[in-house]
Amino acid sequence: MADKPDMGEINSFDKAKLKKTETQEKNTLPTKETIEQEKQAK
């Protein structure tokens, strides 16, 4: 591993190659109601 990053590689990086992606919420926290229902089910 090099101590310093390769700045030439960073500067020559082509941002046009990156694809635009849609961000989606994945791990949303359960509501208090959901937690209570799960506790009742056990």
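Cβ coordinates are placed from backbone N, Cα and C, and glycine is handled just like the others.
If you check Swiss-Prot, you get these features:
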type	residues	note
COMPBIAS	1-25	compositional bias 'Basic and acidic residues'
COMPBIAS	33-42	compositional bias 'Basic and acidic residues'
MOD_RES	Ala2	N-acetylalanine
MOD_RES	Lys4	N6-acetyllysine
MOD_RES	Ser12	phosphoserine
MOD_RES	Lys15	N6-acetyllysine
MOD_RES	Thr21	phosphothreonine
MOD_RES	Thr23	phosphothreonine
MOD_RES	Thr34	phosphothreonine
MOD_RES	Lys39	N6-acetyllysine
REGION	1-42	region 'Disordered'
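Shown on the structure are the features that Swiss-Prot records.
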residue : record           : DSSP (3 states)
Lys4    : N6-acetyllysine  : coil
Ser12   : phosphoserine    : coil
Thr21   : phosphothreonine : coil
Thr34   : phosphothreonine : helix
Lys39   : N6-acetyllysine  : helix
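For Lys15 (N6-acetyllysine) paired with Thr21 (phosphothreonine), the C-alpha to C-alpha distance reads 14 Å.
Within 10 Å of the C-beta of Thr23 (phosphothreonine) we count 5 further C-beta atoms, all protein chains included.
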